[in-house]
Amino acid sequence: MSSYSSDRDRGRDRGFGAPRFGGSRTGPLSGKKFGNPGEKLVKKKWNLDELPKFEKNFYQEHPDLARRTAQEVDTYRRSKEITVRGHNCPKPVLNFYEANFPANVMDVIARQNFTEPTAIQAQGWPVALSGLDMVGVAQTGSGKTLSYLLPAIVHINHQPFLERGDGPICLVLAPTRELAQQVQQVAAEYCRACRLKSTCIYGGAPKGPQIRDLERGVEICIATPGRLIDFLECGKTNLRRTTYLVLDEADRMLDMGFEPQIRKIVDQIRPDRQTLMWSATWPKEVRQLAEDFLKDYIHINIGALELSANHNILQIVDVCHDVEKDEKLIRLMEEIMSEKENKTIVFVETKRRCDELTRKMRRDGWPAMGIHGDKSQQERDWVLNEFKHGKAPILIATDVASRGLDVEDVKFVINYDYPNSSEDYIHRIGRTARSTKTGTAYTFFTPNNIKQVSDLISVLREANQAINPKLLQLVEDRGSGRSRGRGGMKDDRRDRYSAGKRGGFNTFRDRENYDRGYSNLLKRDFGAKTQNGVYSAANYTNGSFGSNFVSAGIQTSFRTGNPTGTYQNGYDSTQQYGSNVANMHNGMNQQAYAYPLPQAAPMIGYPMPTGYSQ
């Protein structure tokens, strides 16, 4: 049974594109270094009686869904932690076929081997297909992209064909070029099956190809606010046909200061449109935006109503001083790189720190690359591609990559520098444990971060994580004014004793494996004993790494060509991810990691082999 019209051949070439950042680093994209983006756009005065009518409610409840009782629906929502607010919210769909998507959409879903809708898809699809405005609050990696893209395809198939000069029917606004690029990649596969066209426009890339896509006509446009405003101001596109608006990661767009641009863009769209807003958090600023842009909307919340992290992520917090971070990071990476699944993102606060840490790690033989807002788009794309394909399994990043970076098999996140807010902390660690997978987040928390300590403890408690006693001590010290300097934290030897003797765990990885296998009660008891003591040299000898593992630091960590224990995970005698000084010439010349092509943009900070120019 299918209540929707099948795909319709639009008869035009497919639009191509990939996303970039919405605004340039030097200011607005209008050509001026400073100014008011969108100042040339005039707020439209809409007369709904004069606008062409359009249809937006296509939902017909599947018979299997109609037979489901209210009690069964409530049980499902509780099991998936779905909270719904609003009037006349449809029942969630428990199976893909109950959504009645067109056959070619179902074919793509089948090829991707999805077993059942995620929670946000199950409840979001019926709402979106009913033509209702909605707010979806869900953690990253929850499947929200398909939650709005598949109803968008159904919506487009019920609208008149595009004519010459028409703008997009569906507009998706995203905060960063990385997120927009990933949305475009998802959209392209489904649009190809449905003979629709999508494109992505963003700053930091040539305008010509993006303008050509828009002139040919695209049904779906994924855009960052800055470049879209630039094109609207110079008349390269318009939003007269836009009847389906998506604000993806609305909280992030507000954090980045895009609210004025968003309001300018929304003023160009007819007020009877359908609007869907997606966010990982629900602060008052996002609530105000929803009140201004949405009408009689359904609010769907997945997970706890308060600030919460993905419960599939094991969170480990190490309270330490800034001067200790480098040594702790190296020892942690030695453990992580011994794993078969070792893809890791290390988050730092500044661009300078990103470059310095990347150079240091590569100089010491680690397969690390860095990404931040001052990198050229060509370099950023190349670095992300190397990371996604495992050629450089360590990515050092600023918050420019903390959202929108969707790599399925990231196993570890390390907060080298703690972010400015708990919201950013949640988004950072959300890069791991995508979909239903598990992951681990390590965080270095210093007394300088004391303003965030209470919020961090709340996030840990909500996720039923073990809480480092030092965090609780910082709360006490904050009240007594003893939070700064070494005097504000008790002797580290006590933690080392607790970890090595009472806890009985040799490494951070032992801690994780224990937490994964036992009850939350045991985990809570264990966490009170073990956090912070896992880096001492004593804990690395005669431990899980075998007798040939020596913990004197990175330059002596591989003394033999055939190490025993955990480090035998399929690695050859040269230790691909190791740091055997004998195998390193001038830092990186013998590393088996990819380098950009000679004609690629300069990769400052990455040592190049002979034959490659800097």
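Heads up, residue numbers simply count up from 1 along the chain you see.
Backbone N, Cα and C atoms are what each Cβ position is placed from, and that goes for glycine too.
Taken from Swiss-Prot, the feature ATP binding site covers Phe114, Thr115, Glu116, Gln121, Ala138, Gln139, Thr140, Gly141, Ser142, Gly143, Lys144, Thr145. Taking the Cβ of Thr140 (ATP binding site) as centre and 10 Å as the limit, one finds 23 other Cβ atoms among all the protein chains shown.
Taken from Swiss-Prot, the feature compositional bias 'Basic and acidic residues' applies to 1-15 (among others).
According to Swiss-Prot, the compositional bias 'Basic and acidic residues' annotation covers 488-498 (among others).
Marked as SUMO1 cross-link by Swiss-Prot: Lys53. Counted within 10 Å of its Cβ, the other Cβ atoms near Lys53 (SUMO1 cross-link) come to 6, all protein chains included.
Here Swiss-Prot flags 125-300 as domain 'Helicase ATP-binding'.
Among the features that Swiss-Prot reports, phosphoserine is placed at Ser24 (among others).
Taken from Swiss-Prot, the feature N6-acetyllysine covers Lys32 (among others).
Annotation comment: Swiss-Prot describes Lys33 (among others) as N6-acetyllysine, evidence class similarity to another entry.
Here Swiss-Prot flags Lys40 (among others) as N6-acetyllysine. Around the Cβ of Lys40 (N6-acetyllysine), the number of neighbouring Cβ atoms within 10 Å comes to 13.
Summarising the annotation, Swiss-Prot assigns N6-acetyllysine to Lys236 (among others). Other Cβ atoms within 10 Å of the Cβ of Lys236 (N6-acetyllysine) number 17 in total over all chains. DSSP classifies Lys236 (N6-acetyllysine) as coil under the three-state reduction.
The feature phosphoserine is assigned by Swiss-Prot to Ser480 (among others), with similarity to another entry given as support.
Annotation source Swiss-Prot lists region 'Disordered' at 1-39 (among others).
The region 'Transactivation domain' annotation in Swiss-Prot covers 477-614.
Swiss-Prot lists 477-504 (among others) with the feature region 'Disordered'.
For the motif 'Q motif' (94-122), the list of distant contacts is 1-7, 60, 62, 64-65, 68, 76, 80-82, 129, 136, 138, 142-144, 146-147, 150, 153-154, 157, 189-190, 193-194, 300, 302, 435: same-chain residues at least six beyond its ends, Cβ to Cβ under 8 Å. Per Swiss-Prot, the feature motif 'Q motif' maps to 94-122.
Through the fold, the motif 'DEAD box' (248-251) approaches residues 144-145, 148, 172-175, 179, 183, 277-283, 285-286, 289-290, 403-404, 423 of its own chain, all at least 6 residues removed from its boundaries and within a Cβ separation under 8 Å. Taken from Swiss-Prot, the feature motif 'DEAD box' covers 248-251.
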Item to complete: Calculate the distance in Å between the alpha carbons (Cα) of Glu116 (ATP binding site) and Lys236 (N6-acetyllysine), and round it to a whole number.
Response: 41
Item to complete: Would you mind reading off the Cα separation of Phe114 (ATP binding site) from Lys236 (N6-acetyllysine), to the nearest angstrom?
Response: 38
Worksheet item: Which value in Å gives the longest Cα to Cα span across the ATP site residues Phe114, Thr115, Glu116, Gln121, Ala138, Gln139, Thr140, Gly141, Ser142, Gly143, Lys144, Thr145 as recorded?
Response: 20
Discussion item. Spatially, and counting Cα to Cα, which of the recorded positions is closest to Lys53 (SUMO1 cross-link)? Options: Lys40, Ala138, Ser142, Lys144, Lys236.
Written reply: Lys236
Worksheet item: By a simple count, how many Cβ atoms lie within 10 Å of the Cβ of Glu116 (ATP binding site), its own Cβ left out?
Response: 11
Worksheet, complete the sentence: Around the Cβ of Lys144 (ATP binding site), other Cβ atoms found within 10 Å total 25
Worksheet item: Which residue counts does DSSP give the motif 'Q motif' (94-122) for helix, strand and coil?
Response: 17 helix, 0 strand, 12 coil
Item to complete: Given the binding-site residues Ala138, Thr140, Ser142, Lys144, state which is nearest to Lys236 (N6-acetyllysine) when distance is taken between Cα atoms.
Response: Lys144
Worksheet item: Including all protein chains shown, what's the count of other C-beta atoms within 10 A of the C-beta of Ala138 (ATP binding site)?
Response: 24
